[in-house]
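Chemist: According to TrEMBL, the protein carries these features:
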BINDING   B:17, B:18, B:19, B:20, B:21, B:22, B:134, B:135, B:136, B:137  GTP binding site
DOMAIN    B:5-187  domain 'Tr-type G'
């Protein structure tokens with residue numbers, strides 16, 4: 001069903017007892033900023049354009065990659081992720097060129113995970129084979145719902161049947177696949193969700209991401225919500241859905257290795273683990289963010305988000321870096337906590353030492369840590385600091401309390 | 001020094017929103033004095049806050065030159081007086097500087113309680129009163145009825161009342177002509193020893209304290225050594241002049257003149273409203289009557305939301321005090337809220353204004369504790385303590401009796417709402433003194449404990465009468481009451497800022513209301529929060545805020561971490577406004593809102 005986990009990859013669940021922190025890896029993220037249509041819930045950096053000059057975009061992405069490669073050359077790349085936007089709209093040749101260039105300028109691991117986000121439409125499914133040829137070995141499909149009315153509500157351009165057909169095609173084309181579903185939609189009950197989830201599980205996924213619908217400012221849904229037109233499930237229902245989802249998936253061997261991500265052991269997204277384990281990653285393309293250790297100092301990078309401005313800047317300067325800020329210790333403390341506590345494995349003591357040169361006891365106020373441990377929201381043992389299931393259900397409040 | 005025969009000093013008495021500032025603006029336009037460029041809406045109210053709230057806080061004056069129909073030029077000194085009960089003493093002093101006044105009444109709304117109080121003050125000062133009905137252009141205007149009301153309620157002959165619209169300008173010239181004809185010129189002997197009334201004073205960062213004065217007798221000019229008869233302060237005059245409306249330097253001020261004196265006063269306490277100014281070398285025999293230093297009647301704690309703002313708050317209070325001697329403050333340390341100040345005010349509006357100015361002009365975030373009055377605690381050892389702060393209440397064992405201040409409140413209300421008003425007053429332990437009708441309006445007079453009034457009485461009154469009631473009060477005296485201290489506890493810890501002194505009969509209801517309100521206001525946390533109200537050790541009400549059920553961000557990837565971190569930093573900023581109770585952190589906004597709660 002799935003490709004065997006690569007030996008270099010340290011799985012979070014199976015190695016839970018390890019005394020050493022897993023290597024967070026080093027990933028390259030490439031942002032493709034275009035969509036055929038904006039979905040009403042989405043606040044990502046995505047744009048609709050009548051025509052995209054694919055040659056120009058390929059050359060420009062390569063140029064920005066080259067720019068950063070000169071600073072981070074020689075690093076071993078454990079994963080590449082094409083995100084968006086809708087990167088499956090990209091010409092497969094662009095993906096090919098980028099993967100080849102990364103192999104040329106960096107040390108691309110033989111077992112590197114190379115993921116493409118894709119819409120599950122028949123048009124895009126036709127391109128799967130060519131993306132596979134380009135080197136993509138994992139695809140993440142935005143199925144979002146298995147109910148045609150819900151798909152229409154979410155502004156998706158595919159039906160449930162078309163999405164399931166695309167999942168089938170993807171499974172044939174790629175060694176590893178994952179798909180996303182959006183839960184806690186208006187009108188949803190724990191019962192209706194259970195039915196939808198069961199149908200999704202018939203596909204036998206080894207990795208699935210389940211996101212509660214979040215109303216983001218600046219989206220059409222936000223406007224509807226403010227007008228009182230969205231009847232979102234209440235707190236109780238959302239909690240029930242969240243907990244039932246975890247239990248259903250766990251019973252099928254899919255562990256909630258992160259708040260919204262479930263996988264059979266070994267099928268976790270390595271690229272995303274790099275984020276959550278607070279490793280370094282390079283981000284290129286419009287609006288891409290990066291975390292790069294340069295000269296021993298971790299930096300937060302951000303590229304120009306508007307596609308045209310990004311193109312112009314890359315044309316002039318060879319890159320479109322808008323921000324490149326060294327991170328202070330307290331900022332790193334916040335980030336490693338924000339990201340790491342999302343993982344079931346939590347944050348290794350070694351990771352705290354690696355990033356901050358200190359143990360968690362020295363990084364957090366004792367009173368706060370103790371209160372959260374006593375309440376059953378956090379655990380801290382000889383290896384790691386981790387949120388319990390109860391803690392992850394309330395993670396924002398836990399982190400807020402912990403960081404003071 | 002102006003020609004007394006051609007001078008008219010007058011004030012405009014009006015209820016809030018009856019159009020006083022608009023009328024003043026029209027008169028300024030009709031006279032010579034302000035260029036179009038300087039002509040702002042409601043020129044006289046020059047503090048932003050005053051303009052926004054449409055009320056006057058400090059007395060303002062403007063000197064205008066009016067060319068009357070008789071062809072002669074007259075000097076008008078218009079005194080814009082504060083229009084609120086908190087400042088009635090200042091109104092009274094302002095009126096003392098006038099020979100007449102315009103009684104401005106909204107032709108549809110009629111006479112209001114505040115109008116009443118100020119007209120009585122004007123009658124006390126023997127002022128010539130010109131009744132003017134404003135807003136006659138509005139469809140709801142009913143001048144006949146309102147004239148009848150002026151006669152019935154105030155007892156003033158309204159047959160000569162002028163009908164105007166300050167907004168359109170209609171009839172405004174009749175007002176200015178009446179001022180010339182009906183208001184007497186100021187008397188006073190320019191050769192007599194100097195006797196001048198201190199009408200107002202404020203601090204200017206370049207000039208020091210500027211004194212607004214009305215000269216009654218004698219003259220004052222640069223070089224005069226002036227003595228304040230009340231505060232005994234002694235200063236040399238540097239400059240005199242008038243407001244036209246810009247400050248304009250003059251040579252001398254004489255009888256009837258309204259002008260300013262700058263004399264190097266640094267401390268506003270030396271320039272108290274109502275004091276008598278005389279010439280040290282040639283003093284007048286007797287001071288003007290009725291001077292009293294202003295005394296705060298309402299107290300509350302002001303705390304910086306963030307502890308590092310303490311110094312800034314102290315500086316800001318000091319600066320405000322430069323301009324407002326009726327406001328007092330002293331340091332206070334509250335276990336719940338940290339270091340702050342106990343402040344005294346003339347009334348609730350005064351409190352609100354100071355609070356708003358601190359937040360607006362000094363960019364401070366403040367926590368204000370429940371307003372309190374001054375209680376007199378008679379101790380068993382015979383000692384009497386004045387209690388400004390509920391947390392200072394002595395142990396019950398040592399208390400013989402507690403006295404609280406009472407007021408005499410006058411409320412005017414359309415009779416359809418009378419039932420609601422009577423109920424409110426009875427609920428607040430009121431004792432009815434009088435009830436009369438004028439047309440379809442009722443005037444009711446109650447004795448009320450002030451502590452029941454500082455607790456949202458005015459808001460309630462407005463809400464139960466759809467805003468039609470008007471209210472005024474005067475202090476009456478102290479009476480013994482069965483008063484207890486009500487503590488509010490969060491997770492077993494006393495929130496001193498929420499402690500209240502209440503009548504025993506109100507304690508349980510009030511305790512329950514505070515607990516219920518806090519339950520609504522305290523956001524759900526990781527840990528449950530117990531809220532209790534207690535008298536002594538006895539819990540009279542309790543509520544629990546359950547722990548948060550679910551609160552987690554769905555997506556958090558490489559591109560989200562910066563944003564999430566910034567959000568966290570922003571929340572951290574907000575946490576400065578939190579206070580820790582055991583494991584939980586309660587936003588101060590919850591306490592604030594609880595302090596502002598309405599009762600139901």
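Using N, Cα and C of the backbone, Cβ positions are placed for all residues, glycine too.
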Chemist: Any idea of the Cα spread of the GTP site, B:17, B:18, B:19, B:20, B:21, B:22, B:134, B:135, B:136, B:137, as a max distance in Å?
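Modeler: Across B:17, B:18, B:19, B:20, B:21, B:22, B:134, B:135, B:136, B:137, the widest Cα separation comes out at 17 Å.
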Chemist: Can you tell me how many other Cβ atoms are located within 10 Å of the Cβ belonging to residue B:136 (GTP binding site)?
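Modeler: Here the count is 21.
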Chemist: Sorted by position, what residues of the same chain at least six away from residue B:19 (GTP binding site) have a C-beta under 8 A from it?
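Modeler: Non-local contacts for residue B:19 (GTP binding site): B:104, B:106, B:134, B:135, B:166, B:167.
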Chemist: State which of the following binding-site residues has the fewest other Cβ atoms within 10 Å around its Cβ: B:17, B:21, B:134.
Modeler: B:17
